[in-house]
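J.: The (6S)-NADPHX binding site annotation in TrEMBL covers Gly111, Asn164, Val165, Val166, Glu167, Phe168, Thr169, Arg170, Asp252. According to TrEMBL, the feature ATP binding site maps to 202-206, 242-251. Per TrEMBL, domain 'YjeF C-terminal' is recorded for 7-326.
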Amino acid sequence: MPIPRILLEQIKQIIPPLNGTLHKGQSGRVGVLGGALDYTGAPFFAAMSALRFGADLSHVICSPTAAGAIKSFSPDLIVHPMLREDSSPADVKPELNSLLSRLHVLIIGPGLGREPYMQNFAKLALTLARERGMFLVLDADALLLVGKELDLIKGYRRAVLTPNVVEFTRLSENVGVDPSTPPDKRAEVISRELGGVAILQKGAKDIIAIDTTGESADTKKSLLKDEPKEKTKEVVEVDVEGGLKRCGGQGDILSGAVGTFLAFGKCYEDGAFGDGKIAASRMPLLAAVAGSIVTRHTSRRAFQKQGRGLVTQDMLGEIGTSFSEVFGEDSQGGDRGKL
């Protein structure tokens, strides 16, 4: 199913121009919250892919047990080892809140794990981010958190949830989706029950759904100045061919991609570039669609080169070229390679 042309054109409009007019930070400041003793790769891939997609700065907020490994993976990442097991959320709150004030988007979940102290810090971060009206991406074990406490995210339309097959099944049960609901309709049901939160259902084809027609759609919770008064429903299927090997870590690259496009959207919303005609309420849908398209394209390019031996690391180097092929050479600075 082809992506509606108007969506592609809107996505192109929120991509920061590479023409020398922007200063550091105006192409996106991304935060990733996750990373504990057993999980260091996931937050790295999410944060590093954000840089590869074009964000200016990428921060990882993690446990001290993960910080050393993540720092050693790349000097390009800014690592904050503030999530200490012996600290309470109240102890961490001032430092975390200060950091969030400098970010355009927060991705919660990659490498988060299920240890109670990490889950508590994720809950704190989610609460603080909502109070600030930040764009959010929730992935991996952050979905376990919100599945247990749906009110943490219900009605907050500046968020994108990115469940895989197992996570989607669990979230469907948490929300109370009727088992007889057709599989391709369940994402919109979850979105409706959560008050219009964007759902990116990962699978053979990705389904992005936003449905604000339910009773849970409380516009006061979304903090979107231009929230439309009418109820809306939009579903987009992305069936762009991906690689034939689904390696662990590809979902982290997707969460980094969606987060980066949300950061682009925030910079656009703030007037750093563009004409401001695209409503902020469109950003979660645009970011989810864009992230899905380019991640799948990147996966295909990497698989064509590596085949069965593909690992997530191989995808990072293909992101820039995939971005150009999807959105045009101008999106990468046009004749950047000509001297």
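Cβ from N, Cα, C; glycine included.
TrEMBL entries are annotated by machine, without manual review.
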J.: Work through the binding-site residues one by one (Lys202, Ala204, Asp206, Lys245) and name whichever has its CA nearest to the CA of Asp252 ((6S)-NADPHX binding site).
T.: Lys202
J.: Which of the binding-site residues Gly111, Val165, Glu167, Thr169 has its Cα nearest to the Cα of Lys245 (ATP binding site)?
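T.: Answer for the nearest of the binding-site residues: Val165.
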J.: Nearest to Lys202 (ATP binding site) in three-dimensional space, by Cα, is which of the binding-site residues Gly111, Val165, Glu167, Thr169?
T.: Val165
J.: Using the alpha carbons only, what distance in Å do you get between Gly243 (ATP binding site) and Glu167 ((6S)-NADPHX binding site) once rounded?
T.: 21
J.: So the record assigns Gly111, Asn164, Val165, Val166, Glu167, Phe168, Thr169, Arg170, Asp252 to (6S)-NADPHX. If I measure every Cα pair among those residues, what is the longest distance in angstrom, as a whole number?
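T.: Across Gly111, Asn164, Val165, Val166, Glu167, Phe168, Thr169, Arg170, Asp252, the widest Cα separation comes out at 20 Å.
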J.: Cα distance, Val165 ((6S)-NADPHX binding site) to Gly251 (ATP binding site), nearest Å?
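T.: So the Cα of Val165 ((6S)-NADPHX binding site) lies 11 Å away from that of Gly251 (ATP binding site).
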J.: When neighbour density is defined as the number of other C-beta atoms within 10 angstroms of a residue's C-beta, which of the binding-site residues Gly111, Gly249 has the lowest density?
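T.: Among the binding-site residues Gly111, Gly249, the sparsest Cβ neighbourhood within 10 Å belongs to Gly249.
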J.: Average the pLDDT scores across the domain 'YjeF C-terminal' (7-326) and report the rounded value.
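T.: Here the predicted model's pLDDT, averaged over the domain 'YjeF C-terminal' (7-326), is 95.
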J.: Taking Val165, Ala204, Cys247 as the binding-site residues to compare, which has the smallest set of other Cβ atoms within 10 Å?
T.: Ala204
J.: Across all chains shown, how many C-beta atoms besides its own are within 10 angstroms of the C-beta of Lys202 (ATP binding site)?
T.: 22
J.: I need the nearest neighbour of Asp206 (ATP binding site) among the binding-site residues Gly111, Val165, Glu167, Thr169, using C-alpha distances.
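T.: Ranked by Cα distance from Asp206 (ATP binding site), first place goes to Val165.
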J.: Given Val165 ((6S)-NADPHX binding site) and Gly249 (ATP binding site), what distance in Å do their CA atoms have, once rounded to a whole number?
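T.: Here the two Cα atoms lie 15 Å apart.
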